[in-house]
Amino acid sequence: MEDYTKIEKIGEGTYGVVYKGRHKTTGQVVTMKKIRLESEEEGVPSTAIREISLLKELRHPNIVSLQDVLMQDSRLYLIFEFLSMDLKKYLDSIPPGQYMDSSLVKSYLYQILQGIVFCHSRRVLHRDLKPQNLLIDDKGTIKLADFGLARAFGIPIRVYTHEVVTLWYRSPEVLLGSARYSTPVDIWSIGTIFAELATKKPLFHGDSEIDQLFRIFRALGTPNNEVWPEVESLQDYKNTFPKWKPGSLASHVKNLDENGLDLLSKMLIYDPAKRISGKMALNHPYFNDLDNQIKKM
């Protein structure tokens with residue numbers, strides 16, 4: 001830690017306090033995440049350290065790079081590249097009645113998908129994607145932060161400040177207690193974020209797991225074994241769930257064209273096996289008119 005100085009506290013992350021810092025010799029500005037673990041006495045589990053070390057290998061223009069992993073007084077500090085703005089803050093800063101430019105929505109979605117495809121190809125899931133951990137710079141680049149941390153540390157139910165971890169972007173298979181899940185969980189989250197890029201509003205903003213599920217069911221219909229084989233045998237599926245009929249996504253997401261709505265609907269397919277993959281999403285006609293500069297990134 002002697003290589004870095006803390007400049008200021010910039011927030012509370014899922015796992016602990018987040019600081020803006022500076023490398024003493026190079027002057028590089030960094031983000032320092034202090035990881036606060038449940039069992040402080042035992043120090044950092046070796047499995048977590050192994051997982052985290054692997055994340056240093058994830059180098060991609062749309063992934064926030066993990067530059068260093070440091071220990072101090074049995075506390076773990078993760079040193080990341082610094083970006084000052086997250087997607088949530090940016091969406092909140094757009095004046096009422098105005099929306100993000102549709103070409104920027106497209107560019108951001110494409111970049112998010114490029115980042116996710118890169119990680120999925122290396123068998124790393126995110127599991128906790130949300131606008132707060134999508135960081136943007138002033139050149140139009142968006143980067144995914146906190147990759148792989150869920151696997152290293154688990155996803156707490158509450159942040160250590162007792163703020164509840166958001167459920168709005170969580171996939172139905174996770175909400176229904178599926179023990180086995182894979183890369184489609186991240187695609188679902190990106191779908192909900194896509195809708196929010198277009199409308200500035202969370203697509204499904206539940207305040208409990210059951211409220212979250214019911215908001216999804218009201219919009220997309222209550223799933224059954226016909227549309228999603230074996231869903232009825234998932235741990236938290238109840239035959240007593242109200243049977244809503246599928247509605248139209250277009251009524252919830254006003255600012256997307258036909259191609260955008262088609263891609264969104266494929267990202268929000270209930271059955272994870274039928275949900276579009278990141279790779280297939282990148283080749284969807286929605287991106288046909290995207291600037292080639294972005295495609296080459």
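Quick reminder: no glycine exception, Cβ is built from N, Cα and C everywhere.
Together with I10, G11, E12, G13, T14, Y15, G16, V17, V18, the ATP site in Swiss-Prot holds one more listed residue from K24, K33, which is K33. Of all residue pairs in I10, G11, E12, G13, T14, Y15, G16, V17, V18, K33, the annotated binders of ATP, the farthest apart have Cα atoms separated by 14 Å. In the three-state DSSP scheme, D128 (active site, proton acceptor) is classed as coil. The separation of I10 (ATP binding site) from Y19 (phosphotyrosine), Cα to Cα, is 5 Å.
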